[in-house]
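Per TrEMBL, the features are as follows:
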type     : residues  : note
TRANSMEM : A:12-35   : transmembrane segment
TRANSMEM : A:42-62   : transmembrane segment
TRANSMEM : A:68-92   : transmembrane segment
TRANSMEM : A:112-133 : transmembrane segment
TRANSMEM : A:159-176 : transmembrane segment
TRANSMEM : A:205-228 : transmembrane segment
TRANSMEM : A:248-268 : transmembrane segment
TRANSMEM : A:275-295 : transmembrane segment
Amino acid sequence: MSFGDLLLQQTINGLSLGAMYALLALGFTLVYGILELINFAHFNVFMVGSFIGLWVLEGLGLSGQSVILHGAALAGALLAALAVTMLLSGLLGVAIERLSLRPLRGVRGPAAMITTIGVSYILFNVVLLGVGADSKNYPDPLPPVAWHIGGAVLRLREVLIWLAALLLMAGLHVFVRRTRLGRAMRATAQDAEAARMMGVDVDRVVMTAFFLGSALAGAGGLAFGLYYDFTSFLIGFTAGLRAFTAAVLGGIGSIEGAMVGGLLVGLIEAFAGQFIAAAWADVIIFSLLVLVLVFRPAGLFGRPAVVKS
Amino acid sequence: MRDAGLTRRHVGRLAAATVAGLAVTRRARAATQVVRVGIDLSLTGGDAESAVRIKYGAQLALDEANATLDGVRIEAATYDDGTATAGQYDPAQAATNARRMVGDDAMIAAIGPQMSGAAKAMAPILSRGGLAIITPAATNPDLTDPRYAPLYRPGGKTVFFRTVTTDAYQGPDLANYFAETLKVRALYVLDDSGAFGVGLADAFQRRASVKGMRVLGRDRLDPKAADYAAVLTKIKALGPDALYYGGVLMAGVKLVKQCHEILPGLVRGGGDGLVGPEMLTGAGFPAAEGWYATIASPHLADDPRARDFARRYRARFGIVPDDYAITSYDAGLVIADAIRRVHAADGGVTRAAVRDAIQAAKVDTLQGTVSFDANGDLRDRTVSIFQVRRDPTKPLDSVLDQYRYVGVAPTS
């Protein structure tokens with residue numbers, strides 16, 4: 001394996017991690033853009049999403065690691081799992097907003113943020129008590145297809161995770177830019193009061209932000225399970241914290257920032273493992289976060305560009 | 001098997017109470033002294049399935065002792081040092097459990113813990129409380145090393161005993177096997193950042209260098225991270241013939257899976273942390289196929305007496321015991337023997353007397369005669385090597401069938 005191959009392989013590793021972080025970071029950014037609230041429940045919506053994905057796949061008859069699908073069957077199963085997982089995760093996000101955050105809207109101070117931490121722990125413990133502490137095997141329906149580029153290996157699951165992340169992010173972009181509701185979201189992010197006076201239904205906008213963010217987290221959870229072949233009640237914190245870092249790094253509130261931040265954190269993690277030591281990855285990621293916050297408080301993507309253009 | 005700790009404890013108490021009830025009706029006339037033996041294991045998290053097997057081994061020994069003891073009744077009290085937030089053993093919880101044991105006046109000895117990281121937290125507290133504990137599975141050498149006596153034995157007397165040998169033999173003996181039998185020339189060493197894993201990997205690495213194998217590098221895995229691809233890619237680029245992992249299954253299962261994808265065909269091995277049903281069901285096949293693992297005791301399951309034990313164990317609990325269920329049973333035998341001798345000599349059974357009796361023990365157990373040196377270590381230092389090889393005709397999660405016994409590890 002030449003040095004060039006090594007760099008390429010670590011870039012592949014990093015981009016796959018990064019795609020997952022980016023999907024998750026978008027949820028933080030969407031909600032923050034609208035409510036200026038850091039939603040810590042998002043960590044474990046991601047985790048619950050990966051369990052929903054697991055159950056959907058099992059419901060489709062894919063249990064254990066022995067069933068391998070090809071072609072249309074594979075695409076159909078994955079798309080069905082993705083759709084159901086995103087829908088249910090999105091509804092979970094809406095429920096969290098409706099039941100625990102809307103009553104606190106307009107309350108000053110950190111009450112809402114603390115509530116999201118509480119909700120996060122509730123999800124964590126409900127899953128722990130419900131499914132147990134051991135990690136659960138994910139079905140692995142992907143055929144073991146891989147391409148060799150020099151000494152580097154690109155596997156089908158990496159391509160799929162990039163493709164899924166790319167399409168979802170593009171979809172989000174179009175939604176925010178081109179639809180009426182997307183315009184309402186951008187307006188609310190800029191000035192909620194003015195938007196309300198112009199007739200924007202702010203509750204609906206907030207609900208949409210939670211739905212979209214949680215649906216993307218669900219997609220991230222499904223991707224996590226398929227990529228690593230397992231899920232457990234514990235996965236939310238490590239991935240969530242890094243995704244949150246990615247959102248802040250990119251500039252929280254900015255959709256482009258979340259995407260770039262996610263990829264950046266993934267790449268840093270991979271290259272830290274290569275050139276320094278895996279154990280130092282967190283130190284490096286979070287030091288970088290501190291540096292960015294000191295020198296560019298609004299994140300890499302300049303002004304707190306929120307969900308606006 | 002994976003219910004909440006509270007429920008499990010209730011069940012344990014219920015079982016103890018039932019057994020106690022039977023014992024009382026049988027010997028209602030004698031004034032019976034009730035003594036408690038604590039059992040501390042990592043019943044929550046990544047090592048829970050092995051923990052349950054170990055727990056049952058101890059329980060069986062104590063229950064069988066109760067059937068023949070007169071004038072003393074042993075109650076087992078189960079403690080869980082695993083927490084959900086840690087996902088495996090939690091040293092803070094282990095320390096809390098040790099304090100609760102020491103604070104219980106009826107507690108005269110304990111069995112456990114399973115994990116060296118938990119043992120390091122418990123040993124100083126138990127030492128100050130003068131409560132003897134016998135571990136059937138914790139193998140970190142520091143715990144019984146006289147150099148660290150101020151750390152783990154502040155109370156003076158040895159209270160930490162083992163019915164397994166230590167990583168001072170487990171790691172190096174497999175390094176010998178790698179060098180002598182498998183002819184490994186260059187290797188990479190990983191650990192899981194835990195007390196057990198780091199100590200084991202250190203011991204392995206030192207012997208590997210002595211044996212002339214080139215150690216290309218050493219890395220530490222975060223057991224909570226999901227992705228080890230970066231490290232494994234780095235290792236792949238270095239091109240070693242072997243990989244050694246010191247650690248338990250929380251990181252182990254993920255490592256074994258990703259190793260299979262990124263580094264197929266390498267000689268791979270680890271310590272007793274890799275022996276457990278989670279390796280077979282979590283990492284699964286073909287990923288787990290070919291991994292070497294050691295245990296810090298002789299391999300007993302094929303021995304006729306151990307087979308008889310396995311029959312009783314299975315009849316009672318419905319699952320198959322593994323080797324550490326046997327060392328746990330042996331720990332129970334040693335404690336029961338100590339109680340019996342103390343009771344015969346003095347009448348009243350005390351913590352201090354039981355400790356002295358354990359130190360002087362010469363007990364016939366499933367693994368032969370168990371006796372301890374002054375530091376609490378087993379005099380027999382056998383390490384056994386296994387290799388994971390799928391036997392499709394046997395249950396997937398059966399450790400006894402899917403880990404094939406390779407032999408006693410070479411000591412040089």
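Glycine is treated like the rest: Cβ placed from N, Cα and C.
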Residues of the parent chain within Cβ reach of the transmembrane segment (A:12-35), under 8 Å, 6 or more residues beyond its termini: 42, 45-46, 93, 101, 105, 112, 152-154, 157-158, 161-162, 164-166, 168-169, 172, 185, 188-189, 192, 205-206, 209-210, 212-214, 216-217, 219-220, 223-224, 227, 239-240, 242-244, 246-247, 250, 252-255, 257-259, 261-271, 306-307
Candidate ranges A:42-62, A:68-92, A:159-176, A:205-228, A:248-268 - greatest C-beta contact count to the transmembrane segment (A:112-133) (under 8 angstroms): A:42-62
Interface check, the transmembrane segment (A:248-268) with the transmembrane segment (A:159-176), three or more C-beta pairs under 8 A: yes
Sequence-remote partners of the transmembrane segment (A:42-62) [C-beta within less than 8 Å, at least six residues beyond its ends]: 24, 27-28, 31, 69, 77, 80-82, 84-85, 88-89, 92-93, 96, 116, 119-121, 123-124, 127, 131, 136, 138-139, 141, 213-214, 217-222, 224-226, 231, 233-237, 239-241, 243-244
